[in-house]
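Starting off with a structure, shown below.
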Amino acid sequence: MVENTNITEESVRFDDPGRPTLAYPSYLGILFIFTTLLVGVIARTLMHWMKTSFPHRVVMFFVGGLVGFCANRYPSFRPLVNVCYIDIDLMLLIYLPTLLFCTSYSVDSHSFLKSLPQILLVSAPGSLLTSLIVAFMAYYLIESSWNFATALLFGVICSPIYPVEVVKQLKETSKGKYISVLLLGEGLVGDATVMIEFTALYGYLAFALSNASQILLLLIRYAGGGILLGVVMGKTAGALLSIVYYDMLCAVTVTLAGAYLTYYIGEKFLYVSGLLATVITGILVSTKKSAVAGDVEQVVTNFWLIMAHATNTVIFTMVGVVVFEKLPYVISVKQVSLIFVTYTTVYCSRLLVYSAMTPILRHIGYGMTWQHCMACVWGGLRGPLCLCLALTVLQTPAVADAGEIFLIQTTGLVILSLIINATLMQKVLKLLGLTEISLAKKANMTNCVKRIMVTRDRCISMLKMDRFLADANWDLVHAGTTIKHPYQQQMSGREGDSDDETYMGYRYTTCPDCEREIPNEPTKKEFAEMMREANQRVLKAMKISYWRQYEHGKISKDGVRTLIQAVEVAADSEDGRVNLEQLGTLWRPKPPAEWLRRKLVDMLATETSTFQIPHTYGRQVCYEMASSVWFDVFIYIVILCNTPVILCEVAIPPPVPITVIHTVKILNFVFYIIYFLEMVIKMLGFGIYGYFDSNWNKLDFFIIVMATADLALDIIDTLTSWDKWRNSNSSVLTATKLLRMLRFLRLFKLARVSVPKIMGYIDKMIDIQLAYGYDVGKGFVTGEQEVCNLLPQLVDNVQIQETLNSRLEADRLTVTRQLGLLQRDRPWTAITVKTRQATTSTLNIMLLDAMQLKEEGFLDEMEYTLLVNAIQDKVQQCRHRGSLVAPSAPETQLRAVSWLQGNERLAEFFLDNSEIINYNNEDILISRGEEPKGIYILVSGLLEATYIPPDTDVKESIPNYEFLTDLKFSEMKQDFIVSGNAVGVLGVLTNRPYSYTVRCESAVQAYFIKMHIVKEAFVLAPHPIMGLEASMWREIGIKLAMLVLPTVPTYHSWSSDRLSMRLEHAFVPCLKAFKIFAVNELMEDIVLLDGVCQDMTTGELFQPPCYIPRTVHRLILPNSSQLLLKGNYNSETKLLIIPAKDADELDIMEDEIDDVQCELVSNASSRCLYHKVLRKLSADPRSQSRRTRPKRRRAVRRVNYRESVWGKRQTSSSNIPAGTSEKELSSKYYKPSLVDFPERLEPTKLKEKQLESVSVTKSHVSSFTSHTDSEQEIFATTLTKNKRNSNGGRDGRD
């Protein structure tokens, strides 16, 4: 302690062992790190507020320089910055895995692999060439005392790039995606190359490597071992990541541990390139992103972005501290000038490398133009690896003097590249023409901006109705919510366009007559560019659809990965179309598996397949014996017993004891007799030809012939003096041993027992592969259908829309047909996929419901966690379930039809009154123009439905075709129908001729339910809401609503699953008794399915299928005389009512039949209620006396919806038809047939005829006027009545 008192703080050098590092508290280092992070946050916030493009890392370097300068001038600061001098190995271990893994994990794996030839070419040779050029410059200009190895080390340190800032700007441009991938790949592979070069040179300068062979072996071991370690760790981390699906903490921990363990094991244990291994691990893990949930993957990505940001902030601050505290004396005018020389040399060498390699780069990967080449040259920023390697040299005593200059020059190079290149990158891209935006992108952005502004206007109009916001300053709201076009700066302005700031994307011509602006047709070049952009947008929509299906449990993780890869390959192709031939291999068995299974089947072919049972008694006995299972078991046991004898005879070396020789000979003779008798028995039982038809018998015959030759040698050995055991010089010994070895062929016969197991395993593998293919195909078909529905929103050019729609529809039909054929051949594979999909979809809906319960306050945090964990366990079990599901029985399929679920009585009725019919390929089930004849429920096989538009445009009804995929009724359509679907439902409901033809694409089995059976079933279940007819209309209505509602602005952002769950409570009521339909507050939305109706307020006519706006309050139905349209509307109006939340269907309809709100048609006649009451009063002789009596006040009677539709139920025993069971009478679905009550119908028909004859004599005008007056009168009368009742009730309460 006394000796150290003379050491002053000024005399302590950086490399002095006496520097008191341990004397400073360790918590000061933690204080410095987290204070640096906080300062970085403040600096970043100020930069965002000032909207400056100055690099954040440069700001943190100067912040560190300021702290280092203070520490140099004021010694009290030194304990705080002491952490900046930590061991460089520890610094590399802490910081490098984070930077490398973050970059490699965020890179697009498909684009990276496609650009890998370009990346390898510019990273490995390019890095070496850059190092050599910079080394020559440093050797002659920077420091004359350096040898060439030291100068080359300096060149290697200046080579790696870290283009993070540039990549962010490139991704914002339309043509910068592939450049960004190339730069990121060059940075990753270049870092690994530089690290390997640095290790070799560093070892040479430290005298650890003395000759070229040692350096070469080091490079091979370092690079090869790093690649192998990266593959192993990447596969391991990916497998662990696929296990944790919803676990966010485990997913982050797996990636964190994988990155650091890979680097640490490689560098410290295996002495291979941990940097290269970490890069490969990150890329392989990025390919497994689909193995976790979408929100979990987003958390992992954000975690690594935060880690990389924190690492860059700390590294640049620490380097600034070191440079300005310990090396201020090195900074001079010469060194600053040399920094610019180094910067110029580095980028000139980079330009030379790319210029030399451009002819090769143009023909590999994504290609390369000279503009892309210049962008890559300018975008090669230098990063933290250069600084870390310079600090490594600075801490090495052998090259510490050179390390000071290394650090100054490298730091200046990094800072200059960030200040100049990163700041001016956008201008360089604009100068190169890479920021130009295509016409299609401009038009698409224009449409999006207009849509957002329309949404804004609707939102403001709704907020104005809020009583709390009514007095807001709406002018400021409009000004504060008006957004500018993102491409406004690049828009070529026109005169008079100052008011329309969202205009962009089209050129207009003003008509000289009407002065209207007409959009010009795009040129061929613009059209090709628009088509290319539309293809990319469609592919992006497909990718989003696949991810959404995966999140909802409709595709497996492997399936979505395959589909995403197929889309990415299509994005790189010229036509932008998914390769269906490549996908088609997934739903066809692999040829090797089919060949092996066919061979195994041939091996199992029975011996009795080619001959008849013998007639003689002796041969019959032999046949029964050879065909017996016990006979085969006995032969197998003999073979097992013979095996040790064969081994003993072959393995025992001479001389062999005489007892062993005799024992082996006796046993061989016994086994030979048994095998010979087996052959004789089979020949007698099966016949000579039948015996040799079996491959196993051919093998037995060959072995017996060989055994006969061996037995002959044994006889010669016994009867003569020649000894085959001891005569090793005999030439016959070799043949003898060969014959004995052939006995092992008999063991192959034992493999016959395991052949069924092998076949079962092969069948299982084929089924799993085909199930996977069916899963991929199902996801592809769903994605194509969703994108077809989104085409009007994605593309605004009609010609491009039609082209893309026809292409997508053709691809969808092709894959649908292949899936149908696969389901026909192997139904269990399709059933397995469908069962898994239905299970996972249901579980995802349950998760959403649990989340809603939590938001509504029914569940606290702990209860919600327990419930979600229980559901997620089921999700994991379903995702990892590998067993196949057998197809359901035909009866089960019929019971599972949507409009029969829960009604066992109807299911039994249909089973009793229908039959399964077999149809051959090309048979016609339904022909266009035929009258409906019943319903087909497909049990197995594949049907092709071809829709042909009707000859006349019928707007009052939808066409008789229930397999619609869009609302374009005027176009021909084609679709394929698989098992479990019902055909002909709409024809039964509407009684209109078929508009389509159904043809058997394969052999088909289907239930056929005749028309009169369905009509009888309607009577068995006549409930107006839950009956059979209403349930059938509900299914048709939901299918149509799934096509109609997405066109409504309210449902634009709704997914198909969310929309289907919203429609789950929808119903289709019976409106036969209605003339005026009132929309009450319990109805959320209404969709017109069939027939017509009219808005009573505006007179707008609605034609099916369409959405009834929420502004409509009363609808006029065709039964009403107020329908202000001429014509005879025969189609009954059908409305799909979507109730409000927690509203009951019967409550809605009971409220509907209030006589103040709506008008009903009489059940017994065609008269309105008013005229029916007047007629009854005039026919009643006591009507006059009733009129003189004072009116009795009573409450408004609530009309029963069931009675208004059915009429009052006949409850007397005389009206109940004979044969009706007690169960039928007690059923809520029971309603007596109208045939059983003819007395109710005859008077009605007579009155209708009389009214018809009277109405003919009246003029149309007077009829219309009288009906209108009567309806107005009854409405006024009922309204006055209700007012009186309400006043009476109020008086009573008073």
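The backbone N, Cα and C atoms fix where each Cβ goes, and this holds for glycine too.
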State the residue range annotated as transmembrane segment by TrEMBL; the candidates are 368-386, 406-424, 1014-1032.
406-424
On the 0 to 100 scale, where does the mean pLDDT of the domain 'Cyclic nucleotide-binding' (910-1009) fall?
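Per the prediction, mean pLDDT sits at 87 for the domain 'Cyclic nucleotide-binding' (910-1009).
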Name the range, of those listed as 58-76, 211-232, 244-263, 336-354, that has the largest tally of Cβ pairs under 8 Å with the transmembrane segment (24-46).
58-76
Taking helix as H, G and I and strand as E and B in DSSP, count the residues of the domain 'Cyclic nucleotide-binding' (910-1009) in helix, strand and coil.
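Helix/strand/coil tally for the domain 'Cyclic nucleotide-binding' (910-1009): 9 helix, 38 strand, 53 coil.
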Can at least 3 Cβ pairs under 8 A be found between the transmembrane segment (336-354) and the transmembrane segment (299-324), with each pair 6 or more apart in sequence?
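Counting Cβ pairs under 8 Å, fewer than 3, so no.
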Between the transmembrane segment (406-424) and the transmembrane segment (179-205), do 3 or more CB pairs sit under 8 angstroms, pairs being 6 or more residues apart?
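They do not touch: fewer than three Cβ pairs between the two stretches lie under 8 Å.
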Which range out of 88-107, 119-142, 148-167, 244-263, 406-424 gives the transmembrane segment (58-76) the most CB pairs under 8 Å?
406-424
Might you confirm whether the transmembrane segment (299-324) is in contact with the transmembrane segment (244-263), defined here as three or more C-beta pairs under 8 A between residues 6 or more apart in sequence?
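With 3 or more qualifying Cβ pairs, these stretches touch.
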Which sequence-distant residues neighbour the transmembrane segment (119-142)? Criterion: at least 6 residues beyond either end, Cβ under 8 Å.
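Result: 112, 148, 151-152, 154-156, 158-160, 182, 185-186, 188-190, 193-194, 197, 338, 341-342, 345-346, 348-350, 352-354, 357, 360-361, 364-365, 376, 405, 409.
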Hey, which bits of the same chain come close to the transmembrane segment (148-167), Cβ under 8 Å, at least six residues off its ends?
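Residues packing against the transmembrane segment (148-167) from afar: 55, 99, 103, 127, 130-136, 138-139, 142, 180, 183-184, 186-187, 190-191, 194, 197-198, 201-202, 204-205, 308, 342, 346, 378-386, 389-390, 393, 399, 402, 406, 409-410, 413, 418, 421-422, 425.
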